[in-house]
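Structure, as structure tokens:
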Amino acid sequence: MPEPVPAEKPAGEDVSEPTNDDAPPADGDSDVDWDESETTELTGLFVEKPPDNVVVITGSDAIFIARVDSTTLARKPTMKWLKGKWLDLGSKAGKHMQFKETYDRNTKIYTYEMKINKVVPGDAGGYRCEVTAKDKCDSSTFEISVEAVQQETLGDDLAAFKRADAGEDEGSLDFSALLKAAKKKRPEKEEPEIDVWELLKSAHPSEYEKIAFKYGITDLRGMLKRLKKMTAPEPKYSEAFLKKLDSCYSVDKGKKIVLTCEVVDPNIPVKWLKNGQEIKPSAKYIMEANGNKRTLTINRTTLADDAAYECVVGEDKSFTEVFVKEPPITITKLMDDYHVVVGERVEFEVEVSEEGAHVMWFFEDVELHKDKDSKFRFKKDGKKHTLIIQEATLDDIGMYHAWTNGGHTKGELEVEEKELEVLQDIADLTVKATDQAVFKCEVSDDKVTGKWFKDGKEVLPSDRIKMSHIGRFHRLVIDDVKPEDAGDYTFVPDGYALSLSAKLNFLEIKIDYVPRQEPPKIHLDTTGSMVSQNTIILVAGNKLRLDVEITGEPAPTVVWSKGDQPIADSEGRVRVESRKDLSSFVIEGAEREDEGNYTIVVTNPSGEDKAVLFVKIVDVPDPPQHVKCTSVGEDTAIIVWDPPKFDGGAPIKGYLMERKKKGSSRWTKLNFDVYESTTYEAKRMIEGVFYEMRVFAVNSIGLSQPSLNSKPFMPIAPTSEPTRLTVNDVTDSTCSLRWLAPDKIGAGGLDGYIIEYCKEGDTNWVVANKELCEKQGFMVRGLPVGEKINFRVMAVNIAGNSPPAIMSQPVTIREIVEHPKIRVPRDLRTKYIRKVGEKINLTIPFQGKPRPIATWFKDGQPIDPKMVNIRNSNVDSILFIRSAEREHSGKYELLLQIENMEDRATIEIRIVEKPGPPLKVRVTDVWSFNAALEWDPPKDNGNCDITGYTIQKSDLKTKEWFTVYEHNRRTNCTASDLIMGNEYRFRVYSENLCGLSEEPGLSKNTAVIAKTGLQVKQNSYKEMDLSCVPKFTQPLVDRTVVAGYSTAISCAVRGFPKPKIVWMKNKMIIGEDPKFLMQNNQGVLTLKIRKPSTFDGGKYTCLAVNELGRDEVECKLDVKVFREEPVEKK
């Protein structure tokens, strides 16, 4: 598309006014015009910065990217996007502005991205991205320009106004006649190009029509619009405002802000606009005029007040933008953990710092939405936010999170299968005829239904038999009991493998003849609430009504007493009620003080009867005592407590435990079935978090009050045991141990190790180190010789000692005898050559126990310590020569001895230096332009072989030396190309491994090259006939090679003229196959085969042919595949 043209600003607008923010596009999906000629220099923390200037088209999206290298940073860097100098754009995040951060673990580069959706003119201005990391910071500034969508360029504009069909006229004007006239008046010759738009700008409006038709423009409306834009007046500063509004304002949510500007005319009225709509005065918006000042006060700002504002005076306007910053929402009340059974309601509740704040709920890593998850409900009540799960299931187990823009909390939900608990069992009944029998039971779930059975058959309701279910109570009522109603009655809850049974006994009353005079008799019902003879169990708080039937004639007198105190009250909590033939003893709301022996005495003239009853009051037990944490693990803790002082008169069945996080008010149940022991291991806790515990005692009556909270404790796990504990070395009194760090260390870290030992069969472990050992190795000293000792190592951290790592078998403390063995390094197994003056440092490792004695010899004699330094250790011997001399050369022998065992190793050391000069250098013959030289080898070869000679020549005129030959191996040579008429001298340098000799050998005589005029008579020479038939002097040899490894086969041939060579495989000529490389070097023929396979095996033939004949040789090549034999597992 064409380059965007900046749109003119309206008159009176401040040109320097900054507006909003923008960023460059990504992936080519925005209309941002990048200035490629300007590059950003990467300095400081930034790896990539945004361009300095960006041009954005209105309505397009723009993406702005910066990258930071964190390889040298101690902590994660913090990025801020700013507009102007101080406005933080983080509070503007929303649909218009979006921020994104990513991290690449491989390159350790953070990528920060700011995206502006649908750019508006207000987004133009200056921006800055600022990154900080501890004590380092860096920033980058850039400018954003926003342009309106432009029309076509000048050349295309003319085409836009021309019509494809000249017969179609747009508008109400008819220009056909003018077109014809223009066509007639068109000159024959070509006119120069004229800028039509410049012509129109300078012309009078009455001439527009004429010019348009002269140049073929028929769309006059479009032309006038374009011309109006081009002739728009230059922007000028406002004449109505003395001081305009600031470019932008920032205010915290809930605060008030005042917008102030100054006008020229103090009496002129102004209008205030918000996003183009006029603002009416109200309690929220207060408009004031004080002289030249005009102010707009916005009270109690909300996010809706984040908008663009204008102050309008006539045609002039002053623009500004208000940014309302929303403070970060913090979580003031954290989420609690829940431990429920299936079907229970769960409410995760948090409190935030502001009302109406947005809270996001997550289950594990999945965000919860009301429209997607019908089982979840979300509730807001002021600052309280609640996630509600109506009926928990096993699928709901996990971690729930609540996020705000300034905080995070989480809570764990544990769901267990529902278990039905019997709170009150069915009791056996003994009833008389026509009485009512009531079976009653109570279960823990009020929604559970069930069925009643008699002797295995279901009981159906009738007029006499009624069944009811009210809450947790289930009743079976039988009216007018008959003998056939006796039997076993069972209640079976639906859906549970549980049944409650009781027996109904029918009491048949027999009437005998009673004389009128009868002594008194007390008839106690022992089938009711008595658990044993004359003992009544009563639950504290319940009511006791004991009806005692009394017979006797005349009617006897009844006296009740507790101990020695008679009970005569007929009203009150403890009272006696009397009726004919019946005396009732009543206790309302039984208390522990009511327990004791009660006596009933009945008398009449015929005699007396007495009965003693013991009333036992049972109650819920007292709370358990001294709840405390004795040890902790990674996510566990051991809790112990003491039983309650008073068990309530009934045996303690067990205990229920609850825990909570410190500072929380939500207790989580840890068990639903009673726990009988007073030691409990709490599991599934978060390491590093403080917890508190409390315990309830349970007896047959019910649940006690909770105990006092335990002291806060934090789960921290000791490490796992150290690994790979091995013995490194053993002597007569020490043992060296080695091990590796534990596999699992945890949050408690690792402080060190404790090493212990004991004799075999003993259990008394002795600590070997007084202080913690921080290394992964330790030498235990002072051990008895010959004893078998067990060793163990424990890791230590703040949580205590880890489980010990124990040796699989005891170690015998005795020096291990090991044959001496010298392990000569590979580079010392051949001759060791060094130059004079170099340093020699040879380390020869060996093994053997006890410590061997190492002795060095040179050429059979003990080494002189003044010439060679020797240092011996337990495992090696070092031979050191600071500066090598020729006399250090020789054979060095290391002798290693342990008692009568020994081992020897020989190392040959040769110290070399530069050789001496050659001897007796002489010119032996001169002919033509050549001179023959000979010499004798040097007297001193530098302690190594002579590798060659360097020969130089010099004419006596210039006396400059020039090299004739280098690396000449013989003791003679011929100097050629000498200049006629010159006299030459020669010198020779000898050469060895160290280089050329310091001094040359000079020739004693010279070589004189005679001038022309001398003729040399040459003897007649008869050329020899060298022609011969090709003949192989060296045949091919059969070979076996390994597949995948390159190989070569060779032979040698002679023949003249030079024979043509042909290679064949299995009698087939090998062509230009890149797998084969054929070489011919002075008659030596080589065929190289690159990485052969089994397919390349066969017979190879080499054929040599010339005009005199031919010869051939062949060989067999086998290619085998290497197969690695499996290693035996020990």
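Including glycine, each Cβ sits where the backbone N, Cα and C put it.
Please treat TrEMBL annotations as automatic predictions, because they have not gone through curation.
Positions annotated as region 'Disordered' by TrEMBL: 1-38. Annotation comment: TrEMBL describes 28-38 as compositional bias 'Acidic residues'. Sequence annotations record features per position, and here TrEMBL assigns domain 'Ig-like' to 235-330, 418-490, 520-613, 820-908, 1030-1118. Taken from TrEMBL, the feature domain 'Fibronectin type-III' covers 623-719, 721-816, 917-1012.
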Arithmetic mean of per-residue pLDDT over the domain 'Fibronectin type-III' (721-816): 88
Selected stretch (most C-beta pairs under 8 A with the domain 'Fibronectin type-III' (623-719)) from 235-330, 418-490, 820-908: 418-490
Helix-strand-coil residue split for the domain 'Ig-like' (418-490), DSSP-based: 3 helix, 37 strand, 33 coil
Tally of DSSP helical, extended and coil residues in the domain 'Ig-like' (235-330): 3 helix, 49 strand, 44 coil
